[in-house]
């Protein structure tokens, strides 16, 4: 099988790409910060440049104004010159003008010639200059005006202000400029000349402008002006600490107002540029260089770089801090994302890959075939070796059918018989694999299972046949055993009703006991067989648990008295008066437990305690017998198990009684438990659910309230039960210790009273008393310990109180025996067995009934046609015409007389079949005289009522 490509490499690459993404994000933030800072820097540079330009405009205006003054003065000077003599002709002079001061500029300068030759002109010009000074010089801020002759090289100084002049410095500067001017090319000699000399303090100097004066196209003189220049006037008011420097055409500093650390020198980068803005070498200063036309001078404004960055320094720090924090955050986020996403994902991928490989190895080594088929065409995409082998075993038709089933998606499995007779079961589920609709198929070789199912089916058929044979065996055995046994028990029962010679009655009793034991053994075996074959059914109906317990104790009390034991029956007041269940099976279970208790108890007593336990009715049977070892308690309810090898083996039994009890209680939705200790006795507890329980009204006997009863009872359990029962009836209960009673008091005791009781009566509970309470002498009553719950009824009789009870089980039975008067009833006995037919006739005769007999169903119909019959008592299984067909024929004839079936069949369906055929009831053989009496009394009363109506 091919393994899927690992995607751990993809996850690792994704992890590194995530790191790269974090780095790119950080770089993006950094570039954004740099861009923002650069933009802020450019904005700051733009502001500084704008301020530089505004300041340079002031310097430009200063130069331009001086140039304009030069033009005006030149115009004045040229217009004042006389074209004839080359001197100025004063016009309208009112006073004598002062002669200007003359200064030689060179060693060969002839100031006397200039003074003599141009005296008149200079005086006229001086007068005009004085006039111009008085009216205009203040506006132009001029210090002096001077005129230099072109031939004599002597300077005539027209001072406009009284300002000290450094003569040597000024003459030296003029000397240098005159030489430069004289040596300049012909084209440049006609232009103006500008220069600045340093002043008395930094930032203050003298600005000189020199222009040629021509007369008749001939250079006659050079006119110049001197003006004080203050660099501080070239700044705009503001907070920017800028420096300013004026350079000549060679880049030499003429005047500067800067700090000592910033000395501006001409930079070749911007010397030839009219305007240049940028940083100096080393990025120490930001400068703006602009020419100052019409002069050849240029002005340079500068500001230190740290001043430029001062306003954005905090922005830079914030940007650096932001980038550091962003980098740390991105790195932390990347690391956290790796630890929480990528690294676990890589671990999961590794585990998933290992799991995938492990699953594939499991699939490859699986004992079944596993494959993936494409849904569209059934092509095998992936499979293990076993599936490949199985698929090759399929025929072409099988593959087509499998493909159709997969495409249809109607079923999830299909059984296929291969060409070599191998049974394959193919189950599948639909899924997606590699972007295709597929079916995951599992192929299992079920040949062994098919063979096993066939074998099991054969075994089931054999078991069903065996069950049918077992049912037939039960029916046959039940009929064949119960039929002769009924003849034995029934005749012995009849024989005991006769007067027998002395000694014969003992033999008859022994025979009756033995036959009863045989009947019990046979009944247990048949019941167990019916339970095992699920033939036994629970028949729920409403019954009184109190009556069932009274009936059980009445049946076993003679046996208990015979063994000189005590049988205490405590029925608590909370026991319901009626509930839904099977009273016959409950009686069978309790009778079995009580019989075992009597059997295994030689001394002491047996206690039957009935009470309500929540939603259950609890029935406890406790004895003081030999007990059961703990190791054998766990097997106590196993079939055919008998306890021990010692004294218990001395008791007869099949070992089926408790097993049957456990099965019956389980069928009634109850449970049974045992608690035993060797030498101390055993206690069996049966619990059945209280279905449809009806409880008595909680009220005492009217008339007994306030009566006093004295208790002198040695048995603690009996004493406690009597005290509770009497107090519930409103009786005052007092322990008797020899006190003097009142005439209305009653003494209740379980021992012989030594002296005469002075009260109303004495009730003695005796273990050997059987039957209803008996008055041996006036005021002296004997009561059975098996029915202490009947004591309130006896007290009502003693106090002559008429008792009304909603529970007849607590009432005292009538002492008068009913006289049998049944000779008005004609009963037809139908049985093919002559002994049983004769026995039934004798039993009916002993009960006072009139009787006719018939051999089978045909004979019975003949008798019915000729005689009046009130009740039909018929066997079920007979030749010619059985009891079922006889009943159906009777109903077809329109006869409504009661038909009672008698059968020896032990199956549960037998009674149901009898009822379905039309019978009113069904009795199981052997039928005792008491059962016949109870049944016929019921139906005879019904017939009499029908006659009367």
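Every residue, even glycine, has its Cβ placed from backbone N, Cα and C.
Feature annotations, reproduced from Swiss-Prot:
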{"type": "DOMAIN", "residues": "705-805", "note": "domain 'ABL'"}
{"type": "DOMAIN", "residues": "826-940", "note": "domain 'Response regulatory'"}
{"type": "MOD_RES", "residues": "479", "note": "phosphohistidine"}
{"type": "MOD_RES", "residues": "875", "note": "4-aspartylphosphate"}
{"type": "TOPO_DOM", "residues": "1-19", "note": "topological domain 'Cytoplasmic'"}
{"type": "TOPO_DOM", "residues": "336-949", "note": "topological domain 'Cytoplasmic'"}
{"type": "TRANSMEM", "residues": "20-41", "note": "transmembrane segment"}
{"type": "TRANSMEM", "residues": "314-335", "note": "transmembrane segment"}
For residue 875 (4-aspartylphosphate), what is the tally of other C-beta atoms lying within 10 angstroms of its C-beta?
26
Over the domain 'ABL' (705-805), what is the model's average pLDDT?
87
Near the transmembrane segment (20-41), which residues from the same chain, at least 6 beyond its ends, have a CB less than 8 A from one of its CBs?
308-309, 312, 315-316, 319-320, 322-323, 326-327, 330-331, 333-334
Helix, strand, coil: count each for the residues of the domain 'ABL' (705-805), based on DSSP.
24 helix, 28 strand, 49 coil
Quick check on the domain 'Response regulatory' (826-940): DSSP residue counts for helix, strand, coil, in that order please.
55 helix, 24 strand, 36 coil
